[in-house]
Amino acid sequence: MKRDHQETIGGAGNSMANKAESSSSSMATGKGKLWVEDDQDAGGMDELLAVLGYKIKSSEMADVAQKLEQLEMVLGSEDGISHLASDTVHYNPSDLSGWVQSMLSELNNLPSTDLDSSTLLSNNQDSNPSTMTSLDFPINSQSKAFVDDSEYDLRAIPGVAAYPQREFDKSNERKRMKLTLVGSNTAPTLAVNSIQSSNSSCTPSSPQAIMAVSGTLSEPTRPVVLIDSQETGVCLVHTLLACAEAIQQENLKLADALFKHIGVLAASQVGAMRKVATYFAEALARRIYKIFPQDHCLDSSYSDALEMHFYETCPYLKFAHFTANQAILEAFANASRVHVIDFGLKQGMQWPALMQALALRPGGPPAFRLTGIGPPQPDNTDALQQVGWKLAQLAQTIGVEFEFRGFVASSLADLEAEMLDLRPPEVEAVAVNSVFELHRLLDRPGGIDKVLGSIKAMRPKIVTIVEQEANHNGPVFLDRFTEALHYYSSLFDSLEGSGVTPTSQDLVMSELYLGRQICNVVACEGADRVERHETLARWRTRFDSAGFNPVHLGSNAFKQASMLLALFAGGDGYRVEENNGCLMLGWHTRPLIATSAWQLAAEDSRLR
Amino acid sequence: MEDNVKEKRPKFCINDHVDILLEILKRLDGRSLCVSACVCRLWCTIARNDSLWEHLCFRHVSPPPSSGVRPVVVALGGYKRLYMVCVRPVLRRLGRLRLAGDSDRVRRVWTRDEVQLSLSLFCVDYYERLGRLGGGGDASGSSLMFLCKPVNV
C-alpha cells in the first residue's frame, strides 16, 4: 500500500528542491527492482534520472537512496547543520552519489544516534495543512517487517504499560520523507491520512518548531507520547481503533484502559482532531459503561436548534435543499397545482427558496400545497403548525396560493398514502422530499420497504432523497466505527476550514449536532441507533428494486450548487461531484452527502 | 457691472434638478450610492428610492427580469435590502474568484444564475426574520451570516 502511495506521488518537490524529488523516484526504483531493470542499460547510468540531470549508476541506486534519506532527515533537524546544505561546495551536482557522499562525510563527526533518530516535526494543524502529505519510509529491513499496515497492532499489547515503550520504538525505527503535493486533493486531517496508510501524516510546509529527538533518545524509558503531537495524533487514532476492537471482542477491561489513554492523547491535540477524538471517546465511554443517551424523540426542539446552527455554519444542508428544490422545480414545470410532501419538516428551511422560485416562474406561480411530517413533541406543542404558519405568511407576501397540513408520526413507517388526502395526478403534481430521514428506517427489516411502498402509492412526479454518503450500518461494530471516524473527521475538518471563528456559538452548536450523531452511531444499538447511514450505491439498489427510475439532476442544479459553495469561506475545500445523475458534496476528496432524484418506473406510472 | 455678470449667469444647483440627479445616481455603484446618501437630506431621500437600487441590481442582467419580480422583492424587503444583504456579497465573492486582479471592485456584469441565487437567499433571509419576529428560536443566528464573514480566498 505504501508503494502505491509513493509511486503515484513521486516527482513532487520540497524545500530541499530537487534532491528529494530525485530521491523519491530513486526510492521508488530502489524498492521496485523490476521497474529499474526495465530502464537501465547494462552497467550504465539510470536513464530516468539522467533525464532529470542526475548521473547515478543504477547499481548504486539503492545505496544512494538510503544515504539521501539519512541526509534529508538529518538536515531537517534543528541541530544547526542545515547550514551545511549551503556551505558545502559541490563541483559536480549531477553526480548525485558523489554529492551524497561528501555531505555525509561532513556529518560523520556527529553522533550516530542522530542519524538513526527520526525527525519528528511538530504538527501544527492550523497552518495550511491542505497542501502537504508526508509518507513514512522505513528504510532498514527490520522496520520493513515491523511496519504493519493494520491499525490493530496494539491488540497484542497486554495492558497499557507496554504501550508507550513500543510506541517509542516505532518512532525510533521509522524515517520520514517529506513530499509536497502541490494543490493536493488528499484530505488534510491527521486522522484520515493515518487511517488510510498508518504511516502517513501531515506536516507543515515550513519546519516550525522541529523537535529533535536527541533529548528523548538519551533516556529511552521516558514516554515520548506528549512531545510530538503529530506522533500522538497517529497514536490517538490507533488507540481509538484498538479500544473499539476491544469492545467488539467484549474485552471491556482493556477497552477501559485504552479509553483512559485516549483522554491523555486527545488533550495534546488541537483543532478538529481533538474535537473528533473527544466525541468518539465519549461515545466509546457510553458504550463501555453502558450509559446510553436519552431517547432521541424527546428532544426534537433541541436538535432542531442545533440543526439550525449547522445550517448556518456549513453548506451541507443548503446544498441539500437547493439541489432537491431544483429537481422539484424542474419536475413541476408545467403543473398548475403542486403538492410537496416533506418527510422531515423541522423548521421548513427548504421551502422559502422553492416558493420564491415558483413565484417567479414564467407563467405565474402554481397553487402550492405542503404536507409536513414531524415527530411527536414532548410538550404537545404543535411545532408543525407554527412552521406552517410562517410559511403561509411568506407565501402571502410573495403571492403564492398556499395550503399546509402537518402530520405527526413517530416513524415514517406509520404513514399511509390515504392519510394524506392526495388528489389525482391530473389535478396536482406530487413531490416527495426526504432530507436525512430515510436512513432511520433501516433498524428493522421491512420498515424501508413499507415506506417505499407508501411513496409509490402517493404517485409522485418526483422523489428527492438526500442522504449521508457513508456506510455506518454494517453488521460489524468495528467497521462502523472506522467508517464513522473517517467520515466525521472530514466533516469536522470542513467545519474548521469554514472560516468561522473558533469560539463562536454557531461552530460549537454545529459540532454538538454532529457529536450527537457520532454518539448514536457508536454507542447505541437496536432501535435506538437511528443514524444508519448508507452509501448512495446501496440506496440506488434499493430504489431500483422497489420500482423507481433515476432522474438526472441537471446542470442547473450543478451550477447553483457550485455557486453556493463558492460563497462559503473555505469554498475551495468543498467539491461538488456529479455521479451518474446524482450530485455529491464532499470535502476535498471525500464525498459526504449525496442528492438523488427518482420517479416511478414506467409500468407503475399512469398519466405521464 | 459685476452685478450684471452675476445675474446673467444663473447659479446652478443640482438639487433643483432632481431628475438629472436621479440619472446620475442611477449610474453609480453600490458603495458610491451609499456615500451619496450621506451628502444632504435631499440626497438621502433620493438615494433611498428603491428604484435606484432596482436599477443597480438588475442593470447588467440581460434579458431583464420579468415584471413579476418586483412585487416579490418589494414584499420581501425591497431592492436596497436585496442588494446589501445578498447581491453585493454574492457578487463580491463570486467576482473575486473569477477575476484574479481587480478584486476591490464588485463585478459589474453578472449572470441570471447569480441573481437567482441572490433572490433565493433573500427569501430565506426574510423567512428567518419572520421566525425571529415571531419569537420562535434564538435571535442570534442568520443563515446569511456566512455572506458577511470575510472570505479567505
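Glycine too: its Cβ is placed from the backbone N, Cα and C atoms.
Annotations in TrEMBL come from automatic prediction, not curation.
Summarising the annotation, TrEMBL assigns compositional bias 'Low complexity' to A:115-128.
As annotated by TrEMBL, region 'Leucine repeat II (LRII)' applies to A:386-418. For the region 'Leucine repeat II (LRII)' (A:386-418), the list of distant contacts is 297, 343, 345-348, 351-352, 355-356, 358-359, 365-377, 437-438, 440-441, 447, 450-451, 454, 457-458: same-chain residues at least six beyond its ends, Cβ to Cβ under 8 Å.
Per TrEMBL, the feature region 'SAW' maps to A:523-599.
Feature annotation from TrEMBL assigns motif 'LxCxE motif' to A:241-245.
The annotation motif 'VHIID' is assigned in TrEMBL to A:338-342. The DSSP breakdown of the motif 'VHIID' (A:338-342), given as helix, strand and coil counts, is 0 helix, 5 strand, 0 coil.
Predicted-model confidence for the motif 'LXXLL motif' (A:438-442) is 91, expressed as mean pLDDT. Residues annotated as motif 'LXXLL motif' in TrEMBL: A:438-442.
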Chain residues outside the motif 'LXXLL motif' (A:438-442) and at least six past its termini with a C-beta under 8 angstroms from it = 343, 411-413, 448, 451, 465, 467-468, 473, 530-534, 539
DSSP helix/strand/coil residue counts for the region 'Leucine repeat II (LRII)' (A:386-418) = 18 helix, 7 strand, 8 coil
